[in-house]
Amino acid sequence: MCRCWHRVSAPSFPCASAISIRQPPNSLKPRSRHSEISKERLMTRKIGVVGSNMVDLITYVNRMPGPGETLEAPTFEIGCGGKGANQAVAAARLGADVMMVTRVGDDIFADSTIRNLNEFGVDTRHVRKVPGKSSGVAPIFVEPSGENSILIVKGANADLLPAEVDKAANDLKACGLILMQMEVPVETVYHTIAFAAENGIETILNPAPAAADLDPELIRQVTFLVPNESELAILSGLPTGTDDEIVSAARSLIARGIRTVIVTLGGRGARMITASEIVNIPPVKVTPKDTTGAGDAFIGSFARFYAGTGDVEASLRKAALYAAHSITRSGTQKAYASQEEFETFCRDHAPSTERA
């Protein structure tokens, strides 16, 4: 059974300026269709997630075995995960109104997955079972350094088809922001992007796992594309080993029509890149215990902060803090902070000013 951890949330965000970065001129900031909407309207924006759920099968290892080698591992846990569910839970932990469109299997994990989302406050009206299919599972191996290796079995996530987005259309139209990932059929991602564009809804696409054949023409309407370095390399076909290479790779996607690329860099922070600006988000220094789900913590919390304020850069700064907090704990969703826990972490980890 999945371990389910209860949600606690609060409405305020006191640590918006925890990390300082270069503030470009307003004319260079990514344009938002919400730039002229009142603060009250922004604070009511609902978040939709069209994406995956997984059952995390987490093994903590002393080291990874070599070919043909059998090793004893000290600890094993089962938890609820999947990139879509993780991002939904991170946003909900911070008080967002979140709905999810996903598929679970016809097995022992299904009810636990739905119950887990409900307990975190995620609307599960559009979480449906697929008869005869297994739920998605993700065997995860975590080394003492906190680094992890992950396998993904999509299971019922492969049955999240475009028609399911249409069935949820009325509820999705009430959202101000929709999140997507690539653990579901790519046709569903394309369909969701087009649906959101037709209805004036902003979008975040986390292209993970990355696919080299992802069609730039069909994702160009995404508001924010959020890959990590390796995903950026796959999408662009270019190296990303240096800072300059990361910028060149991101701008190659921008040249194909993507508006804003946010590259997550793990322990080196993140970087927002548009056609006319580069903004560095410095890392938050912590001692990592388990990096599993840190990228999802970043994206889910960014979605929540951005949905509430419309301020891209301040939201990225807070998301970096939220992701840093998540890696100081074991597990995935259970590692995500409530609002109260996040406020405490912000007070204790306000770094010095950095300017690019």
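Cβ coordinates are placed from backbone N, Cα and C, and glycine is handled just like the others.
Quantities reported herein were computed from a predicted structural model and do not represent experimental measurements.
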Select one of GLU183, GLU198, GLU202: the residue that TrEMBL places in the substrate site alongside MET54, VAL55, ASP56, GLY82, LYS83, GLY84, ALA85, ASN86, ASP296.
GLU183
Across all the protein chains here, work out how many other Cβ atoms are within 10 Å of the Cβ of ASP290 (K(+) binding site).
23
Taking only the binding-site residues MET54, LYS83, GLU183, ASN228, GLY269, which one has a CA atom nearest to the CA atom of THR292 (K(+) binding site)?
LYS83
Determine the Cβ neighbour count for GLU183 (substrate binding site): the number of other Cβ atoms within 10 Å of its Cβ.
25
Counting Cβ atoms within 10 Å across all protein chains shown, which of the binding-site residues ASP56, ASP296 comes out on top?
ASP296
